Amino acid sequence: MPPRLRPLLLRVSLWVLVGSSSPALLHDRSKENGLQLPRLCKFCDVKATTCSNQDQCKSNCNITSICEKNNEVCAAVWRRNDENVTLETICHDPQKRLYGHMLDDSSSEQCVMKEKKDDGGLMFMCSCTGEECNDVLIFSAIDPHKPEEKDEISKVTIISLVPLLVISVAVIVIFYAYRTHKKRKLNKAWEKNVKPKKHKDCSDVCAIMLDDDHSDISSTCANNINHNTELLPIELDIVVGKGRFAEVYKAKLKQNTSEQYETVAVKIFPYEEYASWKTEKDIFSDVNLKHENILQFLTAEERKTDLGKQYWLITAFHARGNLQEYLTRHIISWEDLWKLGGSLARGIAHLHSDHTPCGRPKTPIVHRDLKSSNILVKNDLTCCLCDFGLSLRLDPSLSVDDLANSGQVGTARYMAPEVLESRMNLENMESFKQTDVYSMALVLWEMTSRCNGVGEVKEYEPPFGSKVREHPCVESMKDNVLRDRGRPEIPSSWLNHQGIQMVCETLIECWDHDPEARLTAQCVAERFSEFKHHDKLSGRSCSEEKIPEDGSVTTAK
């Protein structure tokens with residue numbers, strides 16, 4: 001066979017294989033005017049290499065992969081920290097940052113390595129569009145046999161440029177001095193006017209957020225894991241959950257002796273679900289995501305077993321299970337509803353926020369699959385969010401096309417109206433957060449339906465109950481939510497309890513058909529903080545509605 005035909009044959013073969021195992025993926029990568037095949041690249045995770053940053057060398061990667069998106073290019077990352085030299089070959093979207101850097105050479109046919117800033121050592125990166133072009137890494141694009149070009153700049157030109165250079169430097173120095181002086185002046189004014197009693201010390205807030213006393217994992221163990229580069233000594237116990245992409249095991253994380261261990265949860269993805277594992281790993285790896293109402297992440301691992309390659313996510317274990325299971329088995333009190341609902345809202349509010357409680361910038365994240373089975377119940381009866389396999393980071397660099405390609409995802413029963421009919425406002429990233437708020441409202445309804453404060457408590461049933469089948473499709477939910485404008489029923493008996501009445505008013509605003517009319521998760525969290533003392537409410541909620549003494553609520557939309 002001619003050598004030129006081998007990459008094409010491999011590409012078509014892999015495409016047929018992927019298309020047969022994932023029809024949805026094949027559909028996404030087709031166009032109206034015919035089939036457009038994605039790029040083939042070398043795809044090996046970070047590993048040790050003998051390749052030096054001189055001349056050129058081979059990646060020695062034996063894995064060829066089809067890129068997930070048509071616009072992705074081949075890329076390579078070479079790093080040297082102390083005496084360790086590593087190489088990573090991947091597919092990469094050139095419109096996104098890779099390790100904090102934008103790659104401006106994605107149109108190149110060859111992988112020409114360029115040095116990038118890296119606090120931990122030396123780093124070179126490249127990107128290219130050729131077939132498996134990241135297999136050969138070129139560290140020097142200069143021909144050593146080509147003579148150096150003579151400097152044609154005359155002395156007159158150099159002399160004429162010197163005054164301009166001096167003036168430019170002077171302007172820069174003056175501007176910098178002015179900005180520094182202005183900044184110091186503003187800082188002094190801020191320190192003078194701020195009232196310390198209204199602000200917690202940043203270190204105190206961070207300590208509260210990062211040291212989760214209600215987790216089943218000790219802080220010492222978690223700290224050691226975060227700095228461990230070897231596979232953890234884990235013994236799988238029993239399966240405690242199973243979803244579309246992975247199975248969840250209760251497991252033992254062994255300590256110094258065989259008698260000592262920590263109980264952890266291990267979410268195991270098969271080889272075919274690498275993309276879901278990577279999405280969730282990337283979400284969890286954001287240090288600014290840590291929050292008491294978001295599942296505590298320990299580490300991610302790639303493991304080789306007798307069944308093939310597996311991808312693991314290791315997290316804290318919560319014995320009470322997910323919220324759906326808990327509500328099925330238990331009737332809750334008003335105080336339980338207040339704790340569960342308030343903690344759920346706080347977790348979603350942190351997920352959606354663009355800053356941490358300490359004020360550090362943070363990329364907002366939308367969950368996109370909020371439901372009671374994706375929420376865990378902790379020992380203190382507060383919630384924590386989990387299962388971020390469909391989540392999306394709302395990076396400002398994302399274009400409308402990027403957002404459009406994110407697709408219609410989630411569980412049909414919990415999908416917002418605009419998601420069901422694929423009519424989201426992609427120009428406004430807040431629209432993604434509004435879909436999470438709709439789903440949150442349905443979960444709050446589930447909690448309320450099992451609260452003994454409403455009187456007689458019926459058996460647990462999910463939102464829309466018997467109106468749809470157990471696993472409804474999108475078309476079935478369209479009939480209920482769009483055509484009939486249906487929502488879960490709120491019996492009049494629920495309104496006899498002042499606190500539950502206010503919860504109902506809140507969730508009705510959250511599942512409004514108009515996304516712009518819905519509350520934010522932060523607003524819901526603030527309301528729940530007031531609901532604890534519902535019988536004493538006489539002020540305003542975060543949406544500025546008046547709450548009369550008789551307990552009735554008039555909502556201002």
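Cβ coordinates come from backbone N, Cα and C, glycine included.
Taken from Swiss-Prot, the feature signal peptide applies to 1-23.
The topological domain 'Extracellular' feature in Swiss-Prot is assigned to 24-155; the stated evidence is sequence analysis.
The annotation disulfide bond is assigned in Swiss-Prot to C41-C74 (among others) on the grounds of experimental evidence. Non-local neighbourhood of C41 (disulfide bond): T64, S65, C67, E72, V73, C74, A75, T89, I90, C91, E132, C133, N134, each in the same chain, at least six residues away, with C-beta under 8 Å from its C-beta.
The disulfide bond annotation in Swiss-Prot covers C44-C61 (among others). Same-chain residues at least 6 positions away in sequence with a Cβ under 8 Å from that of C61 (disulfide bond) are, in sequence order, K42, F43, C44, L87, T89, D135. Under the three-state DSSP scheme, C61 (disulfide bond) falls in the coil class.
Taken from Swiss-Prot, the feature disulfide bond covers C51-C57 (among others). There are 18 other CB atoms within 10 A of the CB of C57 (disulfide bond), with all protein chains counted.
The number of other Cβ atoms within 10 Å of the Cβ belonging to N62 (N-linked glycosylation site), over all protein chains shown, comes to 7. For N62 (among others), the entry in Swiss-Prot reads N-linked glycosylation site, with the evidence type sequence analysis.
Summarising the annotation, Swiss-Prot assigns disulfide bond to C67-C91 (among others). Residue density at C67 (disulfide bond): 20 other Cβ atoms are found within 10 A of its Cβ, drawing on all protein chains shown.
A 10 Å cutoff on Cβ-Cβ distances gives N84 (N-linked glycosylation site) a total of 10 other Cβ atoms nearby, all chains included. Secondary structure at N84 (N-linked glycosylation site), as computed by DSSP, is strand. Taken from Swiss-Prot, the feature N-linked glycosylation site applies to N84 (among others).
Around the Cβ of C126 (disulfide bond), 24 further Cβ atoms fall within 10 Å across all displayed protein chains. In the three-state DSSP reading, C126 (disulfide bond) counts as strand. Marked as disulfide bond by Swiss-Prot on the basis of experimental evidence: C111-C126 (among others).
In this structure, C133 (disulfide bond) is part of a helix by DSSP. What Swiss-Prot records for C128-C133 (among others) is disulfide bond.
Sequence annotations record features per position, and here Swiss-Prot assigns transmembrane segment to 156-176.
Under the heading topological domain 'Cytoplasmic', Swiss-Prot lists 177-557, citing sequence analysis as support.
Per-residue confidence over the domain 'Protein kinase' (234-537) averages out at a pLDDT of 92. Annotation comment: Swiss-Prot describes 234-537 as domain 'Protein kinase'.
Its Cβ taken as reference, V240 (ATP binding site) is surrounded by 18 other Cβ atoms within 10 Å in the chains shown. Residues or ranges marked as ATP binding site by Swiss-Prot: V240, G241, K242, G243, R244, F245, A246, E247, V248, K267.
In sequence order, D387, G389, L390, S391, V409, G410, T411, Y414, S439 are the residues near D369 (active site, proton acceptor), counting only same-chain partners six or more apart with C-beta under 8 A. Positions annotated as active site, proton acceptor by Swiss-Prot, on the basis of sequence analysis: D369.
DSSP assigns C74 (disulfide bond) to a strand in the three-state reduction.
Checking each of the recorded positions N62, N84, C126 against R244 (ATP binding site) by C-alpha distance, the shortest gap belongs to N62. DSSP classifies C51 (disulfide bond) as coil under the three-state reduction. Under the three-state DSSP scheme, C41 (disulfide bond) falls in the strand class.
Nearest in space to C51 (disulfide bond), taking C-alpha to C-alpha distance over the binding-site residues V240, K242, A246, V248, is A246.
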